[in-house]
Amino acid sequence: MKLLLLLLTVTLLLAQVTPVTKCWGKSGRCRTTCKKSEVYYILCKTEAKCCVDPKYVPVRSKLTDTNTSLESTSAV
């Protein structure tokens, strides 16, 4: 009986823990630091980072190439 009471108490305490805030269409989680396998592009309302798995982030356009500059293309 004591074991059952202990189990019930622990379960109720774990249920009261605040849930993690979701972001990026429920694919990301608001954290202060992201895991090594995650990236962030926006901030959450609590000024935490919205950590997202890179496979859920849209691919960046190849128009912004850092190796070319406007000066070299306009000199032609």
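Placement of Cβ uses the backbone N, Cα and C atoms for every residue, glycine included.
Summarising the annotation, Swiss-Prot assigns disulfide bond to C23-C50 (among others). Same-chain residues at least 6 positions away in sequence with a Cβ under 8 Å from that of C50 (disulfide bond) are, in sequence order, C23, W24, G28, R29, C30, Y40, Y41, I42, L43, C44.
In the three-state DSSP classification, C30 (disulfide bond) falls within a strand. Per Swiss-Prot, the feature disulfide bond maps to C30-C44 (among others).
Residue density at C34 (disulfide bond): 16 other Cβ atoms are found within 10 A of its Cβ, drawing on all protein chains shown. Here Swiss-Prot flags C34-C51 (among others) as disulfide bond.
The signal peptide annotation in Swiss-Prot covers 1-15.
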Taking the Cβ of C44 (disulfide bond) as the centre, how many other Cβ atoms fall within a 10 Å radius? 19
